[in-house]
Every structure is written in structure tokens, then in C-alpha cells.
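Report on one structure; see the data block that follows.
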Amino acid sequence: MSKIRVLSVDDSALMRQIMTEIINSHSDMEMVATAPDPLVARDLIKKFNPDVLTLDVEMPRMDGLDFLEKLMRLRPMPVVMVSSLTGKGSEVTLRALELGAIDFVTKPQLGIREGMLAYSEMIAEKVRTAARARIAAHKPMAAPTTLKAGPLLSSEKLIAIGASTGGTEAIRHVLQPLPLSSPAVIITQHMPPGFTRSFAERLNKLCQISVKEAEDGERVLPGHAYIAPGDKHMELARSGANYQIKIHDGPPVNRHRPSVDVLFHSVAKHAGRNAVGVILTGMGNDGAAGMLAMYQAGAWTIAQNEASCVVFGMPREAINMGGVSEVVDLSQVSQQMLAKISAGQAIRI
């Protein structure tokens, strides 16, 4: 089997050296070239035709985002961004994902060499996922039409969403059309600390419903979406007649924290047939067992179809496990969620 050919673009010679060491330490991939800036990278891409590009977000000669935008328009290819953990870094990284980057890795704040080498397996996994991802020429997503507002739903109803690679844009596409009368939405997206808050703030500006990073103990309200904080598990809990959010530091599940399975199992337990579950694009199997539990508890469950996924891993696993009520294109997910939950949704026999 041929190796995954990687090209790394970073203005730091140390980072280029470390990325080369990491990539070449895995037998199924090789670093074919490195570039100190996007202008040099442009020529190297033509020369080496890499399978995956790793791209530093912040560079002096040409902004990484400008380069990414041109690249995705003219020569779409899988890109993994390398970002700092600063607030600005998280905003720029989210913009990169919007422009078509597949995923990102964060640079450690101290001890770059030791930190990056400790991330070696994670970086290799992201490169492998990117090499398999579905890439299309970047077309800015049209602002979705707001769905017709139905009657304000009971606070018993709620929607639970899980996603990983490719999920930030898929979640945006699902949340933007939701009217203020929507039920509560609780979301687990695999993402490190610092990025989930920026992600929630960005969505809050784009959506009619309120979007925020979830906090432990807060009440779950209709017309609001709650995003699991990075490196914490989020569960649905009960407080009398109300739902509330529980945030905790439990061990990783399916190697993830936050884990979609943790969220979905809690929704199955506390919301049952009053919930709709949605599993979107992502690598691996996180969420499949939890979605089956939701399905068995009477919830309507939706998986994103392969054609609209960046990576079809998580939806495929959920479908194979038998816990999916229907498989729909990303463009139809919002509509189906609301249709099922408004109809009292527990219409499965």
C-alpha cells in the first residue's frame, strides 16, 4: 500500500523538523517536502502532489487563511491546520475549518518539541483521516433559510447532536435554520479546551437560537444550544421537572473527552422518547452505542448520509449497530429534527 505523502508548511524551522520526525516515524506516511511559507508551498505542491498538507495558521509572508482560501478554490486537497492555543488562534482555526480544512492540531504552549512528539499518534491519526476525507472545491455555504417557527415546544423535548471531524461546519449548517421556538439542543463536538468557547460564541452570532458553552448545573432551556466544553464530559441530568447539564472529568470514552456516547447514554436515560438524536460527520465509533441506547429508549435517531459527510465513520458505525431511524443529507437534518420532535416523534413501532 502506498504511503500517505505529506507536505508541511510552517515558518518555524523547528516545527518543520518536528513534523518531519513525527510523520516519518509512522510506516504508512512520509514527509515529501516542507516549506517556510505558502509561496514556497505553492511550487512544492505542484512538484510533489502531496496527499495531505499541514499548514501553520499564523505565518509572516502570507496569511495561512488567505492561502487556504485560494488552495480550496483552485486545488482542493486535505489540509490539517497547526494552531496556537490562544484565543485568536482558536478563532482563526474555526475560520480555517469553515474554509475547508479537515482538522487541526494545537501547538503546546511550553516545550514545543516534547509536546509535539507526545502528540505523535494523534497527529498521525488526523493525517490518516484527512487523507481519506471527502474534499470538494470550497463554496461558501449559503445562509440557510430559517425554518418555519412552530408552536413553542414543551421543555421536555430536546435534541442531542454528536460530531467529530468535519463537525464544526455540519453543526453550523444544522443550527442556523432553527427558529427561536426550537427545543433545547445539546451538542458534543470533539474539540480541545479553549476552542469550544470560541466555537459557541461564533455560532451564537450566526444563529437565531442562543448558543453557549455548557456549564455544570445549568438548566436546559428551549431556544438554546449547549456545547460540551473541551476536555470535559457533558451529560443530561434531571432536577425535579427540569433538565440540567452535568459537566465532569470522567475518564475518556472511546478515547474522547468529551464523548458523544456519554451524552447520548444520558439522554436515553433521562429524555427517552422525548428526544431526537443526531450523529454527524466524524471518524471512529464514538456515539454509535449511545445512539442505539437512545433508539431503544424510544427516541427518533438521525444519521448524516455518506455523500454529505467529510468522514462517514461515526454515522456508519451507528447505522451498522442498528440504532438509526433514518439516514438523511446534511441539508435535510434541521428540517427532519424539528418535524420528528414536533410530531411527538415517538412514532416508531
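From the backbone N, Cα and C atoms, a Cβ is placed for every residue, glycine too.
Note on Asp28, Asp56, Asp329: Swiss-Prot annotates 4-aspartylphosphate at Asp56; no matching annotation appears for the rest, which is not proof of its absence. When the alpha carbons of Asp56 (4-aspartylphosphate) and Ser164 (active site) are compared, the span between them is 21 angstrom.
Across the structure, His190 (active site) and Asp286 (active site) place their CA atoms 10 angstrom apart. A separation of roughly 9 Å, to the nearest angstrom, links the Cα atoms of Ser164 (active site) and Asp286 (active site). In this structure, the recorded positions Asp56, Asp286 were compared by how many other Cβ atoms lie within 10 Å of their Cβ, and the smallest count belongs to Asp56.
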